[in-house]
Amino acid sequence: MAGSQPSAQDLNSLNYAVLDPYNGTIETGGNSLTQDLNVFYESGDIAWIITSTALVLLMIPGVGFFYSGLARRKSALSLIWLSIMATGVISFQWFFWGYSLSFSHTAGKYIGNLDNIGFRNVLAQPSVGSPKIPDLLYAVYQGMFAAITVALAVGAVAERGRMLPCIIFMWTWSTLIYDPIACWTWNPNGWANKLGGLDFAGGTPVHIASGSAALAYSLMLGKRRGHGTHELNYRPHNVTHIVIGTVFLWVGWFGFNAGSAGSASLRAVMAAVVTNLAASTGGVTWCVLDYRLEKKWSAVGFCSGVVAGLVAITPGSGYVPAWAAVVFGVVGATACNYGTKLKFIFGIDDSLDIFAVHAIGGMVGNLLCGAFAANYIAHLDGYTVIPGGWITGNWIQMAYQVADSASGFVYSFCGSCIILFLINLIPGCHLRASEEAEVLGMDDAEIGEFAYDYVELSRDVINNTIDSDSKSGYSQDRESPVDMEPKSYPSQSV
C-alpha cells in the first residue's frame, strides 16, 4: 500500500549459512569427521584467496619472461627455466618446513619452529595472517610469495651463472633468509610486527630481500665477459617478452596485494585500486624520464616503470588512500630509474637491474607507507587497528619503517654473500660458468634447449655446408652459431 513501511524480513526464512565464531581448541581447528569446519569462514573470503593464489602463481612465469626479454637471446630460456624451477623447489621447501619457520603459531621474534613441518596440523585453525581464512589456505597463498621472491633474486645469474649451485642457493636462501624475514614482518610474534612496522604485502620480505640477494649474487659472480666494452650488448633482445612478462605481473599483482587483505573486503578493493594506479603512474613516469635522454618513447621504459610502481605500492597497498598511490608511482619510478645508475658507480654487473627496481623500490615503498598510512584504510577489513603514519600524526612510524627496511637489507645481503661463498667451496658447485660456456650461452651450456630455433637452424646450415665442403676437398673458417648474434652497439641501461 502506498506510503506504508516495508515489513521486516524474516531472516530465518532465508537460505543462507550462519557463520559461527571460531571456538576450536585443537591445532587442526576441529575434527572434520564430527563437525563442519567450513562454518567458521565465509565462502567468499576463501574463494578470493584461492583466486589470489593462482594470480600470484601467474606472476612467476611473468618474471621469467620479463627477465628473458632483457637478456641476450643465447641465455633467454635459462631465465624462464630459473623462474619455474624456483616454483618447484620452493613449493616443496615451503611444504617441508618453510611455512612452519615463518608462520607457526608459537614462533619466536626472529623465526618460527617446526611444529608444522610437512604441513602437520595445518588445516582449519584461523591463520596468523588473517582470522578470516584457515591455516591451510594461508599456507598455500604465502607459498607463492616465497616462490616468487626466490625467482626475483636468482635472475642475477643471468648469462654467466650455473644452474646447479643456483638450485642449492634457492633452498638455502629461502630457509635462512626469506623465512626469518617473513616471520619477523608478518607473524604476530615477529619483532618488526610487534614494534609496529607496516608492510602489507612484502616491501621487506619480498622486494628488499630479493633485491639485496641479487646484488650479492651479482657481486659474488663477477662481471659478465666483455662487461664495459663493445662486446657486451646491454639492449634487451626481445621487447615482446618484456611486455608479456609485464602484463602477467600487472594482472597477478592484484592477487599479490589485494589478496594480502586476507578476505574479500573493502580493504582488498582499496588495495586493488592503489595497485593499478601506482603501476600506471609509474609506467608513465619512467617513460617520460627516458624520453628526456633518447627522445624515444621506450616500451621497455614503460614496462620498467610499471614494475617499479607495483614494487613501491606493495608495502602500503592495504594502508594508504587512493590519492597516495600517485605519489608512490611517481616517486617509486623516479627513484628506481636513477637507481639503475648505481651499478656503474659501484662497478657491480647487476645485469637485470634487480637491485635498482626491487630493493630501492621496496625501500621507497616502506618509507612512503610510513608517511601515508591511514588508520581508516586499514580498518576497512573490519578488524585491523593501526595508529597510522605521518598523515595521522604518528611521527614515530617512519623510524619503525627505517628499522625494518635496513635490517632486511643488511640481513639478506650479508647472509646471501655468506651462503654463496660457502656453496662455491663445494666441489662441483662453483657459481660461475666457464668462459667457453658463457660464450656459448647458458641455454646451450646448461640446459641444451633454446628459446628460439635459430641455434638449431644455424647448426644445421653450418654442418651441412661443412660436410659439403669436406666432400669437395676444401674447408674454410666460418662463423659459429654464437658469432651469429647481432653485433654489439653502444650500451644502454635498461
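Note: Cβ is positioned from N, Cα and C throughout, glycine not excepted.
Copied from TrEMBL, the annotated features are:
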TRANSMEM  46-67  transmembrane segment
DOMAIN    47-452  domain 'Ammonium transporter AmtB-like'
TRANSMEM  79-97  transmembrane segment
TRANSMEM  136-157  transmembrane segment
TRANSMEM  164-181  transmembrane segment
TRANSMEM  201-219  transmembrane segment
TRANSMEM  239-256  transmembrane segment
TRANSMEM  268-289  transmembrane segment
TRANSMEM  296-314  transmembrane segment
TRANSMEM  320-340  transmembrane segment
TRANSMEM  352-378  transmembrane segment
TRANSMEM  408-426  transmembrane segment
REGION    467-494  region 'Disordered'
COMPBIAS  476-486  compositional bias 'Basic and acidic residues'
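Tertiary proximity for the transmembrane segment (320-340) is limited to same-chain residues at least six positions away from its ends with a CB under 8 Å from its CB atoms, namely 270, 273-275, 277-283, 285-286, 289-290, 304-305, 308-309, 311-313, 353, 355-357, 360-361, 364-365, 368-369, 372-374, 377, 493-494. Most Cβ pairs within less than 8 Å of the transmembrane segment (201-219), among stretches 46-67, 79-97, 239-256, 268-289, 408-426, belong to 408-426. Summed and averaged per residue, pLDDT over the domain 'Ammonium transporter AmtB-like' (47-452) gives 95. Listed by sequence, the residues of this chain that lie at least six past the ends of the transmembrane segment (268-289) yet keep a Cβ under 8 A from its Cβ atoms are 48, 200-201, 250, 253-254, 256-261, 297-298, 301-310, 312-313, 316-318, 320-322, 324-326, 328-330, 332-334, 336-337, 377, 380-381.
Comparison of 46-67, 79-97, 136-157 by number of C-beta pairs under 8 angstroms to the transmembrane segment (239-256) places 46-67 first.
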